[in-house]
Amino acid sequence: MAVPGSFRRQPANRGLVSHCTHHHIVVFLLTFFSYSLLHASRKTFSNVKVSISSQWTPSCLNSTAPELWPYELWNSSHLFPNAEEATLFLGTLDTIFLFSYAVGLFVSGIVGDRLNLRWVLSFGMCSSALVVFSFGTLTEWLHFYNKWFYCCLWVVNGLLQSTGWPCVVAVMGNWFGKAGRGFVFGLWSACASVGNILGAFLASCVLKYGYEYAFLVTASVQFAGGVIVFFGLLTSPKEVGLPELEADEDEVSVEEDANRPLMGNDDVDDDDRNYSIQATDNDNQPKAIGFFQACCLPGVVLYSLAYACLKLVNYSFFFWLPFYLSNNFGWKEAEADQLSIWYDVGGIIGGTIQGLISDVLQKRAPVLAVSLLLAVGSLFGYSQSEYLFCTKAVFMSLSGFFIGGPSNMISSAISADLGRQDLVKGSSEALATVTGIVDGTGSIGAAVGQYLVSLIQENLGWMWVFYFFILMTSSTILFISPLIVREISLLLHERRLRMLAE
């Protein structure tokens, strides 16, 4: 008995290996490092907060500030009467950035689908570099200090930086198809972690000369990266005469019906699959879908809500882990920073391995479910573990593997799957919009989460913060539970068909 084509197992790397060219490698590297540079500038701000707080606070009330003369010149630049208020304002800037970044993601996705992705990405990188330079370097050189000016600059920076993720995911989605997408995107999504490491390295190299030079270096590198992207990035294969991704996948579907997106509905009739949200133009140039049309695509709302919960946990580790280790265990700041790297390492490995497994299964949701269930156990184990560095490092790596891995999958591979469903087949102009919706919703959750974490920690203690993380991780599973049930049912159905064919 022959197995229907839709249930034949396609090798996860078949299409990837047979169609990979040097253009694919260049696109992979350019998009990887373009977003790494955007993340590096964010990390720079986190790394120089102590120096900024010292500069904004009078030396007589700041124990970390050196004795500088003349005294009148030093105190003329202060914004706050003490270091506590300066630190509070720096935290406010983080919240402002996250909210403006979240709003910008929704807009940037729509803009990216209607304009050239290369132009939008390059403009965002170069403009954000100029804002970062003005924020940290120009104001210090001119000795101009104003809270409202800083807030306005950081709002603009959040909006400009939001152009990055929807554009790079859309470009990657244009070049890399369903075959091997989980593995490729899992490896590629390490760009954020690499950006964190790069930002920390660049800032540490020049921080001794003044925090303004840390901003100057990262802004200059980011601006140069934006120029390289403008002249070197190819947004789709057709720009170099290669067949478009959809045309290539259609050839495979004729051979063995293997072109069903992972997010597609296998129970829909063939006539329904021919339906397209977009009207086809006479010149075969499809139009971008609208925001509400993108929200109505299967799985978009569920994964967006799930990602809001998961990104809350992910970003809370990013912002609060060093503080938690220093405050709760009395560790030095350098030791706490070293431990936080293990979370990024776990996320890189987790995203790559889980993406590869999802490619083999051709299903994403069950892999996420298993990982998130194990994440609950790793969070509880981490909260109960001893203060020894090795013990904490092990549980931190496991937490990164089971939390950071699914977070990378949802924001990259799954967003690309959602943007290339059957309902938008024949158009790549849904990719940036869908990615913006998913990541924008996640960023709203992350922004709200930073306030909730501080509130819970102050009133109930760190143990309840971890209980809150467990609740949010469980909520992630709950939101995607309909997709989990459906995809597991499909896997069981495929298994029965293969057994009948033997």
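Backbone N, Cα and C atoms are what each Cβ position is placed from, and that goes for glycine too.
Just so you know, TrEMBL annotations never went through curation; they're auto-generated.
Here is what TrEMBL records for this protein:
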TRANSMEM  21-38  transmembrane segment
DOMAIN    27-488  domain 'Major facilitator superfamily (MFS) profile'
TRANSMEM  86-107  transmembrane segment
TRANSMEM  119-142  transmembrane segment
TRANSMEM  148-171  transmembrane segment
TRANSMEM  183-207  transmembrane segment
TRANSMEM  213-234  transmembrane segment
TRANSMEM  300-321  transmembrane segment
TRANSMEM  365-382  transmembrane segment
TRANSMEM  394-418  transmembrane segment
TRANSMEM  430-452  transmembrane segment
TRANSMEM  464-485  transmembrane segment
Tell me, please, if the transmembrane segment (394-418) and the transmembrane segment (213-234) are in contact, taking contact as 3+ Cβ pairs under 8 Å between residues separated by 6 or more positions?
no
Would the transmembrane segment (119-142) and the transmembrane segment (86-107) count as touching if the test is at least 3 Cβ pairs under 8 Å, pairs 6 or more apart?
no
Under 8 angstroms for C-beta pairs, at least 3 of them, ignoring pairs fewer than 6 apart in sequence. Is the transmembrane segment (148-171) in contact with the transmembrane segment (365-382) by that rule?
no
Does the chain bring the transmembrane segment (213-234) near the transmembrane segment (21-38), so that three or more CB pairs sit under 8 Å (pairs 6 or more apart in sequence)?
yes
Please indicate, using numbers and ranges, the residues of the same chain that are 6 or more beyond the transmembrane segment (183-207) and have a C-beta under 8 Å from a C-beta there.
12-13, 16, 28, 31-33, 35-44, 47-48, 51, 168, 172, 176, 213-214, 216-218, 221, 318, 337, 341, 344-345, 347-348, 351-356, 359, 405, 408-409, 411-413, 416
Find the member of 21-38, 86-107, 300-321, 365-382, 430-452 that has more C-beta pairs under 8 Å to the transmembrane segment (464-485) than any other listed stretch.
300-321
